[in-house]
Amino acid sequence: METLIFPLLVILCYICNPCLSIRKYSKEDVIKLREEVREMFQHAYDSYLRYAYPYDELRPLSCDGVDTWGSYSLTLIDALDTLAIMGNHTEFNRVVDIVLEKQNFDTDINVSVFETNIRIIGGLLSAHLLSHKTGLKLEPGWPCNGPLLRLAEDVAQRLIAAFDTTTGMPYGTINLRSGVPPGETSVTCTAGVGTFIIEFGTLSRLTGDPLYEEVAYNALKALYHHRSPIGLLGNHIDVMTGRWTAQDAGIGGGVDSYFEYLVKGAILLEKPELMSMFKEARQVIDKYLKKDDWFVWATMLRGHVTLPVFQSLESYWPGVLTLIGETDTAMRIIHNYHSVWKQYGFTPEVYNLGTGEASTSRESYPLRPELIESIMYLYRETRDPILLQMGEDILRSIQHSARTPCGYATIKDVRDHRKEDRMESFFLAETTKYLYLLFDPDNFIHNPGVHGTVINTPNGACIVDVGGYIFNTEAHPIDPTMLYCCHEARQGINISEVHRIYQILEEEDNIQLMTMIDASLNVSTSKENVGEVASNSTVEISNVTLIEEDEKELEQEELIKTETRTGYVNIDGTEREKTINETTLSDIVKDRINSYYEKTNVKGEQGTRDEEEVKPKKPEEKVDIDDIIVVQKYSGNDNLQLPSTTKAKEAIKILPKVIQDYLNNDWKRKPKCEPQYMLERIRKEKLYPDHPDGDKYELLLTPAPSFLQRISLAGEFLNKKQLEL
């Protein structure tokens, strides 16, 4: 009897311990999985082109298309850089030509500021920076110039009016032609405020226009300033008053990419203060929200648990922890999340930790990428084969239950795998991309910094394509080193510190990096040397490729770029300037309303209004009734109450439609947003103090993976001035 017990125990150990039954993956196995992902992408991409283009998204059950986020062929733009990463350069170049020829964002439609930024601006910027790898003909001055870059900046110019608020935090919706829509709510989710620094920072570094980076950074400082006394942030905030309208704190939906952008923005733009903000937030998150390697929702004021649930969107968190080198913690969390996947075959939008079941009415899986994103990051750092097994589990589930003859469908209910007629653009932009990169260890994205390319720009020679790509929250990769090709580096760090900094990091990668730096300095000590070496087209020297391109010197513009549209039109639709003394019926009506409620004479001169807009409003100053968010005390003797925005809109609906249209056409007397004035006002007001850790660069030297951490720093060191030393 005793002789049978031991073998049975051994068998039970093998059955109960999954670590002993992990599949071994050969290189051929991984390549096979990579090619299966490529075929998955191609099936979905071809289906979009065949059945849905030029609509935004594919409906894989109906085999047709639908506009969802703005009617600008969203899926095509979102999938561009995935084509480049998978090596389909011919199709990439063909689609770029289509986008440049047909895309026009001067349309009278309301769009999400958040979604347009991460999908459209992020997609265009990434395609612009990757275009040199696909054989696309580059304009002189690239990467500081190019049609895709100009198109991205055009979209950003249309979004920038959303930031013209009293707090500097943006509205959630914008009209691509006319700005903030009349009556637009001033309530925005936290992620909708804090998810711009990567795209806008990239735009500023490439174009030399400080506007984008400064407004995005100002919005981040505003959120930091409005955190609760215990350090937590709520879910929704009023961008005109700074009042939290939803006070549940968590790391999931409505908040998620804010934390992601603190870490990625710190690495990409070398802003230690952003990393410091994240570390502060991380401490209170672990204190109040973390429960046994799960994360719950709690009140932002006291930290009391309100919702013991796991959201599918939270799956990005282990990936963020990997970026700062905390892989052990990330692995524990990813095992929890993967256990939910194994329970259903997918992760539901909301999973109740108390009952261990998918929450009713939130049991769908819209082909989200967050779990596979974290798995990809963790595998690149640990090479743990169990992560490959997790990735294959995800691949098998999608292939089995989401595939249709016309693409891949959202899973409406993870409990029975019913399908829903939608394939969001992020399936091609993120889910397939992260799966592909998990199974393609030799992809150029994974370059650990041991080789690169030297290009000539109007600012001199710079090194690019050395890896360290930072993905925005829509998985659009940005090459950090290219951000230093279009401006002079800061003077706070110089090349003499490179040796000291890299000695702190791991020895193996340190040797590789120093080899690259030494080789770069040897072959690039002056601009003349670079030109001399590059005259023989392309040569390979110590793993660094030199490319010489004929370029024209570009004029450096000193002024901040502004919009030129007036915002006023004639009856036939043509634009016109509004004269100083011009008065309309709507002006008279609104002046009388304001005079009645505020007991003041409102001047009609536009010039006076422009001057007043630049000055910060003081509490005692009069304001337009349609700018009022919170009822203020009236200084007069009578007890008048200011009408709310909702009541005002309801009152307008009583009027005949022709009068409604007339009033709504020019409802606010506030001048059209001018980005230059807005930036000047932000700088002058200084509503939020600079973070004290702005110069603590050691915060960027966390034990993060070499492929992300050090390459961003190298971009700062290996600039034109340093190469000439």
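For all residues, glycine too, the Cβ spot is worked out from N, Cα and C.
Some features that TrEMBL has for this protein:
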| type | residues | note |
| --- | --- | --- |
| ACT_SITE | GLU115 | active site, proton donor |
| ACT_SITE | ASP256 | active site |
| ACT_SITE | GLU349 | active site, proton donor |
| ACT_SITE | GLU370 | active site |
| BINDING | THR473 | Ca(2+) binding site |
| REGION | 601-620 | region 'Disordered' |
| SIGNAL | 1-21 | signal peptide |
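Around ASP256 (active site), the same-chain residues at least 6 positions away in sequence with a Cβ under 8 Å from its Cβ are ALA191, LEU313, GLU314, TYR316, THR473.
A straight line from the CA of GLU349 (active site, proton donor) to the CA of GLU370 (active site) spans 12 Å. Long-range Cβ proximity for GLU370 (active site), meaning a same-chain Cβ under 8 A and a gap of 6 or more residues, is found for SER312, LEU313, GLU314, SER315, TYR316, GLY319. In sequence order, TRP69, GLY70 are the residues of the chain that are 6 or more apart from GLU115 (active site, proton donor) and have a CB within less than 8 Å of its CB. Other Cβ atoms within 10 Å of the Cβ of the residue listed as 'Ca(2+) binding site', summed over all protein chains shown, number 26.
Around the Cβ of GLU349 (active site, proton donor), 21 further Cβ atoms fall within 10 Å across all displayed protein chains.
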